[in-house]
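Trainee: Pasting a structure below so you can have a look.
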Amino acid sequence: MRLKNTLTNIKEEFQPLGDRVGIYTCGMTVQTIPHIGHMKTFITADVLKRYLIFKGYQVTHVTNFTDIDDKIIIKAKESGEDWRALAQRNIDIFFKVSDHLNIMRADYYPRATQFIEEIISLIDRLIQRGFGYIVDGDVYFPVERFPKYGQLAKKELKELMPGARVAVDEKKRHPLDFALWKAAKEGEPWWYSPWGKGRPGWHIECSAMSMYLLGETFDIHTGAEDLIFPHHENEIAQSVSATGKNFVRFWIHNTWLSLSGEKMSKSTGHYLTAEEILQKYSPQAIRLFFLKSHYRMPQEYDEDRLKEAELAFDRVRAFLNRVEPIGEEVLRLTDFEAAMDDDLNTPKALGIIFELVREGYEKIDSSEAKKIAHSVRVLLEVLGFDLAPSISGREKALIEELIRLRSNLRREKRYDLADQIRSRLKELGVIVEDKREGSIWRVVR
RNA sequence: GGCGGCAUAGCCAAGUGGUAAGGCGGCGGUCUGCAAAACCGCUAUACCCCGGUUCGAAUCCGGGUGCCGCCUCCA
């Protein structure tokens, strides 16, 4: 399997370091509820993880929450809510949305505030080794002391334009030095540290938590491309400086989701929440919308594309509804794996699944169709599509009773009533189709 | 100023040297009480432009144009 590594900018053959594949996904700063753009990142990581598991790897997956930072403090102060309650509320919504989208739960969901001790000892280690300096209770990382600074983002220290958009803090020795620890101002939350009361800087938590849970060198770190600089660059600088070891072997970054041609961003308010999108579209359609485009290609949020995905997935679901899956063998598996092995080419993999579906329809009443149904099921599940029925047994029995009644009406040519039942069921999300051999039905949405 | 990404049919989107996957839409047909679904056929002489390399290029090289992003917090 080859994965495009941001560090080297080429597709590299992936081999795990040890028995288990360690994956760290940069999670949310829980100052707001998740928007649809966030979900692209978590679905990308989900597909990578599911595919690795499918290939037989043991995976340890970590997704963090940044539950303390400037904006959380500001927001809490503005609303009068306790900052912990605010963070928890957003975390709760994240889980609700994430589960709804059938994103596999990570093995660990560490929070910055639960790792203060580890963070402090990591900062201490950095200071001991000369990679941290203290100014008025703040601790900064001196980027000039790390020769490879900029290697991930392919930036040269002297070519960067510090202060281009934000005033340079005169406390720092170099404008790009970043805070490992921030002294608490009046009224802010704080923890005790050797440098006084304060809180961790943004980047250090990810180094502390990932190394604690996955080891000082681990396999895969994922996130959206906007985190490459400075966040991931800083993670590397801190971690390597503290341990003297390589930090992450594969850096995987997905693109942003844009909205009306502009980046979707919570700081500008230019975004749509995940919850509102889930009101309008099925989790499967949303997943299909994302996977139809390669994770590293620019993608625009577009309602028409979502509607399209809904129709396309409905066709697949209707096939699986009609044909009982039978068999062991997964057809087209070699093609599917070749696509996925090539840096997770989900658009190509989906193309293979759609080809199978068409072939299945062609041979709808044959045993071949049953084998195809089994194959389609397996492959869709590798990609994380939830194919479980969305209705209860009682609902199913009721619907089938109505269909039976309607069939009798049709036999008696009482089409007015039969059509009424059909259109009423449609309003309720149950599609009825009359075939030569009888009526079939399925649930949409 | 530096760095990176993208440009393929009506729309979305794979394809990185061998003659254009897939999805949605559209048109014609089969089937059908009607509807729907499904199936069949058609829907890019062609991949932003110009030049080059090659037997052969959407794919490689050079030069343009356009759009987006990063160098602030952001998934």
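Cβ coordinates come from backbone N, Cα and C, glycine included.
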Trainee: Could you tell me which of the ranges A:28-38, A:72-82, A:226-236 is annotated in TrEMBL as motif ''HIGH' region'?
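Mentor: From TrEMBL, the annotated motif ''HIGH' region' range turns out to be A:28-38.
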Trainee: In TrEMBL, which of the ranges A:88-92, A:263-267, A:363-367, A:423-427 has the motif ''KMSKS' region' annotation?
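Mentor: Based on what TrEMBL states, motif ''KMSKS' region' spans A:263-267.
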Trainee: From the centroid of the CB atoms of A:C26, A:C206, A:H231, A:E235, the recorded Zn(2+) site, which same-chain residues not already listed sit within 8 A by their CB, in sequence order?
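Mentor: These residues sit around the Zn(2+) site: A:H203, A:S207, A:H221, A:G223, A:L227, A:H232, A:N234.
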Trainee: Measuring Cα to Cα, how many angstrom lie between A:K266 (ATP binding site) and A:C26 (Zn(2+) binding site)?
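Mentor: The Cα atom of A:K266 (ATP binding site) is 16 Å away from the Cα atom of A:C26 (Zn(2+) binding site).
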Trainee: Using a 10 Å cut-off on CB atoms, tell me which of the binding-site residues A:C26, A:C206 is the least crowded.
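Mentor: Per-residue Cβ counts within 10 Å for the binding-site residues A:C26, A:C206 bottom out at A:C26.
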Trainee: Go through the chain and flag residues at least 6 beyond the ends of the motif ''KMSKS' region' (A:263-267) whose CB is under 8 A from any CB in it; none is fine as an answer.
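Mentor: Answer is 31-32, 35-37, 226, 256-257, 301.
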